[in-house]
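**Student:** According to TrEMBL, the feature domain 'EGF-like' maps to 30-71, 72-113, 226-264. Marked as domain 'TB' by TrEMBL: 118-173.
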Amino acid sequence: WGHPCEMCPAQPHPCRRGFIPNVRTGACQDVDECQAIPGICQGGNCINTVGSFECKCPAGHKFNEVTQKCDDIDECSTIPGICDGGECSNTVSSYFCKCPPGFYTAPDGLKCIDVRPGYCFSSLTNGRCGNQLPQPLSKMQCCCDSGRCWSPGAATAPEMCPIRSTDEYRKLCIVAALLPARPDLPPGRPDVIPPPLLPGVYPPQQPEIVYPSRAPPPHVILPVNFTDYCQLFRHLCLNGRCIPTPGSYRCECNKGFQLDVRGECI
């Protein structure tokens, strides 16, 4: 308007963010961002909401606010102490631990367990290890029961076992959850399975475990072919879908259900 020409003042937008005026009626209507914005929520499931949208990313992914896409989580660089004693390899949605010879992947998939047979000593007097047990035991079998020192071989000086209630002891000895007996477990199967891996929670919370004394922890070393817990335990993930992961599993819940703190669908 006017001479010389001036811009008119900007008109306030008649609708709040996430809404647009209807061409015919002028009333504010919701914008379906999933349809309107090309490439939004790539790699995930876009759900339109009133005035906005949600991006549901698959497990092992997180939503990137800048690119508006689902990015794979690199567990190897984000989880402290992952694959302790081995090498971590990131995969799409997950990861796996490559363990050196003489080590097995723990049931929770988060570390390498030393299963080399060695010498176990049941006494420690004035800093000297004594009373060597006759049978060869792994460090875990020795130190998590009644052993005080352990050595991987005759030519190697024995090392002290970690003191109970320390982080080092928990790291060595707490490897799987001992679940209560379940009537729906198939007969002849071990009733020891790791807790499910919750999406976005790494590592899973370790429960307190009381092992029976004078006996090695039950079912500590699982056979290599026991990796698919979904096939092994048919009762997992009620009201959802069981997804096997290295050394564990996770649940993807059916519509209308969500994960609780134990990783079960409620």
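From the backbone N, Cα and C atoms, a Cβ is placed for every residue, glycine too.
Bear in mind that TrEMBL entries carry predicted annotations, made automatically and left uncurated.
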**Student:** How does the domain 'EGF-like' (30-71) divide up by DSSP, counting helix, then strand, then coil residues?
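**Tutor:** Output for the domain 'EGF-like' (30-71) reads 4 helix, 19 strand, 19 coil.
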**Student:** For the domain 'TB' (118-173), what's the model's average pLDDT?
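**Tutor:** Averaged over the domain 'TB' (118-173), the predicted model reaches a pLDDT of 87.
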